[in-house]
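Undergrad: First, the structure itself, so that you have it in front of you.
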Amino acid sequence: MREAEIRRLLAANLLCALVIVLAAVTPAFFLDGFSVLGTHLTWLCVCSVCVATLNIILHLVLKPNQSLKRRSFAHKISRFLKCCIYFFMSCILFHAIIVLYGAPLIESVTETFLFAVLLSTFTTLQCLCLLGPNIQAWIRVFSKNGAMSIWESSLQITSVCSILGAWFGAFPIPLDWDRPWQVWPISCSLGATFGYMAGLIIAPLWIHWNRKQLTYKSR
C-alpha cells in the first residue's frame, strides 16, 4: 500500500474537518448573532453546503475512484441527475427513520429535515462521490471485507462514526438538565458532526496502522 495515497487521504480528511470548524466560526463575521446553538438551523445549512461542496471538489481533483472508461456527456448528465435524486431520497429516508426513532412528526419538521440533510451529507454524499449511484457497490463497500481501496475503508469509518455520533447525541435530550443544547436537534446534529470529524481522523490513522494487513483486491 502506497504511503503517498494514505497521505492524500489524510490531507483530504483534514480539509473536511477544517471546513466544519470554519463553518462554525466564519459566518459570525458576516451574520449578526450567528452561533451554532443560537442559530442552529442556519449553521446546519452552512455546514451541509460547505461539506458537500468540499467533498465534490476533492472528488473532482483527487479522482480516488477514477474509471478508465471514457463516458459521454449524456452519460455524465444522467449520472449527475441520478445522484441528485439519490441524495434527495436519502434525506427523505433519514427523515423518516429519525421520526420513527422518536422525533416530532409534525412539530419541528424543518429542524428534522435539515438534520436529515446533514446526515445525508456526511454519509450518502460521500457514497455518491466515490461510488456513484450504484446501490450494489454501496452494499459491497458496507459488507464485511468489501472495501477495495483506502478511500472505501475511510468511507466505511466516517459513515459509521457519523451515524453512531447522531445516535449517542440523542441520549441527553430526555434528561432534565434544561440546557440550551438539549433542544431538538442540536445535540444529535452536534453528535453526528463530532462523530464525522472523529471518523475523518481515525480512518487514515487506522489504515496506516493496519496497512500491512490490508490487501485490497479487485472484484
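A Cβ is built for glycine as well, from the same backbone N, Cα and C atoms used for every other residue.
Below are the features listed in TrEMBL for this protein:
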type	residues	note
TRANSMEM	9-29	transmembrane segment
TRANSMEM	41-62	transmembrane segment
TRANSMEM	83-106	transmembrane segment
TRANSMEM	112-132	transmembrane segment
TRANSMEM	153-171	transmembrane segment
TRANSMEM	183-209	transmembrane segment
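In the displayed structure, how are the listed features positioned relative to their neighbours?
TA: Long-range contacts of the transmembrane segment (112-132) within the same chain: residues 41, 44-45, 47-48, 51-52, 55-56, 58-59, 64-65, 79, 83, 86-87, 90-92, 94-95, 98-99, 103-104, 138, 141, 151-152, 155, 158-159, 162-163, 166, 184-185, 188-189, 192-193, 196, each at least 6 residues beyond the stretch ends and with a Cβ under 8 Å from a Cβ of the stretch.
Long-range contacts of the transmembrane segment (153-171) within the same chain, counting only residues at least 6 positions beyond its ends with a Cβ under 8 Å from a Cβ of the stretch, are 9, 13, 101-102, 115, 119, 122-123, 126-127, 130, 141-142, 147, 187-196, 198-200, 202-204, 206-207, 214.
Beyond the ends of the transmembrane segment (183-209), by six or more residues, the same chain brings 1, 6, 9-10, 13-14, 16-17, 20, 36-37, 40, 44, 47, 98, 103-104, 108, 111-112, 114-115, 118-119, 122, 150, 153-154, 157-170, 172-173 to within a C-beta distance below 8 angstroms of the stretch.
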